[in-house]
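Peer 1: Sharing the features that Swiss-Prot gives for it:
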- 79-107, 357-370: FAD binding site (BINDING)
- 545-609: domain 'FHA' (DOMAIN)
- 1-49: transit peptide (TRANSIT)
């Protein structure tokens with residue numbers, strides 16, 4: 001039970017908790033203005049013992065109802081067989097066990113759960129799925145959320161891939177807070193599966209048991225796993241993924257639908273400069289896009305999508321090289337993250353989905369997750385839909401059992417499965433369509449006139465905004481809040497028994513609303529080191545300059561030292577650089593460059609490739625990724641904001657090109 005002092009101090013409904021150390025939960029009516037940012041938390045991955053296959057037995061119902069703890073849920077006379085030990089199968093197994101059913105999961109290979117084999121990277125669990133996990137088991141939901149990294153209380157959204165400028169920001173925080181839902185997190189897929197598998201118990205998951213066939217005689221279902229004996233249960237749940245054997249046996253073989261995109265994915269030890277303010281971004285380009293997300297622990301996960309025929313193969317150790325070729329010329333956020341990723345950490349796969357279907361099952365067999373509604377990853381809702389499926393299926397089985405117990409008649413398993421399917425089809429179908437639509441939008445995105453016009457592509461160099469980009473933003477700004485509100489909160493009313501609440505540990509920075517509306521305020525909030533990095537092949541003699549964020553320490557740049565001027569003096573001994581050429585100062589969270597009168601001038605190249613001369617004695621704001629040129633192209637520097645300055649640049653004796 002929560003402490004009475006905390007409970008009495010905050011209005012709203014409260015629910016009991018089974019662990020005293022759980023984060024404080026507060027009512028959804030608590031003022032949203034009081035949510036402020038906290039750093040992401042993560043837990044060490046645990047270990048799981050190898051699961052041995054055992055024969056399941058039909059549990060007997062208790063003779064008399066007794067009060068039991070959560071670990072002693074009275075079992076019911078219902079044996080549920082589950083094909084597939086992925087996230088959907090394991091979440092459903094947990095939900096079924098919590099409701100007292102005898103569940104047995106057949107999994108072909110649990111090496112991923114044990115942390116072996118290729119690392120598949122993190123998974124985003126959004127507010128709707130986290131709420132479903134809470135409705136299944138609050139303790140389990142807390143453990144999963146504590147192991148994840150919160151991204152929903154930061155800025156997320158669409159970005160132009162070339163310039164890095166924000167195109168549309170997504171507010172996933174407000175829909176969650178207004179509905180009393182957990183805030184979106186990213187968690188290691190392996191960690192999530194380990195938590196779910198550990199809580200099942202060793203007698204629940206059958207390893208090396210791939211379900212390839214089954215028989216439904218109307219009263220029971222018998223499965224025939226490879227290399228295993230037959231098992232019989234009251235129903236079968238196919239949670240065996242996009243290439244589901246259960247689905248094939250139900251409805252016959254069917255072709256997957258290729259999305260038109262191949263996907264490179266990787267994870268890197270990399271911390272962006274704006275890690276405290278930005279969670280995930282989708283960088284848009286014509287027929288290609290790049291997704292990056294903070295996953296906690298100083299790591300970033302990314303996905304790079306490129307429109308091309310299926311079945312492509314890279315040369316040995318050639319994935320990174322091709323990735324940089326495809327996205328060459330894109331903004332620093334994309335290039336830096338790609339460069340920071342090791343070759344052996346990059347995977348490639350073609351993206352497929354399945355068209356929506358009205359047939360989810362037959363008789364005593366039903367499907368769940370990717371086996372019936374595999375969708376493209378553009379909304380991050382594939383795993384979330386499987387979690388929602390799991391909750392709904394367990395709920396419908398529980399209702400059918402209760403009706404059976406009250407009436408004294410046999411449980412109507414078949415009707416309960418059809419009820420589950422009916423409850424899920426519309427919502428899943430809409431989200432499936434939205435995921436496809438997101439891919440179409442990415443394919444059609446054109447930042448400038450001339451993009452994709454072949455012989456007329458030279459028009460691109462004039463950087464004229466494409467009309468579709470302007471019009472598209474209007475419709476996205478109008479429709480995105482409504483879409484996010486429904487996707488994240490549209491299933492909340494079906495979560496029976498879950499009390500709406502929010503956590504103080506999920507509070508956002510009090511400037512979050514301002515950041516959504518003001519790109520400049522968002523950039524000024526970046527807590528990072530600012531550097532001038534030599535740009536171009538002719539700058540081998542130049543060294544990195546570290547700029548000071550002390551407003552009383554401006555940086556004076558010239559061909560000779562100016563030790564008598566307050567601040568730092570940087571010497572660039574080139575003939576095109578005047579004695580006192582320019583000054584860089586810091587004011588109000590922004591860097592300003594002031595050019596003095598000189599024969600060769602000072603030039604800026606902004607993040608969209610536009611080059612212009614800086615007017616003398618007129619301070620000009622510059623941004624990360626801009627290029628500043630002192631006198632000529634031989635003294636060009638790229639401006640870069642970094643969370644941590646390079647060690648070589650941090651040394652004081654290397655902060656200037658010449659003696660100061």
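Quick reminder: no glycine exception, Cβ is built from N, Cα and C everywhere.
Note that the structure is predicted; figures quoted are calculated from it, not measured.
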Peer 1: Given the binding-site residues 85, 103, which one is most crowded in terms of C-beta atoms within 10 angstroms?
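Peer 2: It comes out as 85.
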Peer 1: Looking only at the domain 'FHA' (545-609), what are its DSSP counts of helix, strand and coil residues?
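Peer 2: The domain 'FHA' (545-609) comes out at 0 helix, 26 strand, 39 coil.
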Peer 1: For residue 364 (FAD binding site), what residues in its own chain, 6 or more apart in sequence, show a Cβ-Cβ distance under 8 Å?
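Peer 2: Those within reach of residue 364 (FAD binding site), by Cβ under 8 Å and sequence separation of 6 or more, are 216, 218, 220, 221, 234, 235, 236, 413, 414, 417.
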Peer 1: Average pLDDT across the domain 'FHA' (545-609)?
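Peer 2: It averages 91.
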Peer 1: Quick one: give me the count of other CB atoms within 10 A of the CB of residue 79 (FAD binding site).
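Peer 2: The Cβ of residue 79 (FAD binding site) has 21 Cβ neighbours within 10 Å.
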Peer 1: Going by DSSP, give the three-state secondary structure for residue 103 (FAD binding site).
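Peer 2: Going by the DSSP assignment, residue 103 (FAD binding site) falls within a strand, counted as strand.
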Peer 1: Return one of helix, strand or coil for residue 79 (FAD binding site), based on DSSP.
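Peer 2: Once the DSSP labels are grouped into three classes, residue 79 (FAD binding site) ends up as strand.
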Peer 1: Let me check the 10 A CB neighbour count of residue 97 (FAD binding site). How many other CB atoms are there?
Peer 2: 21
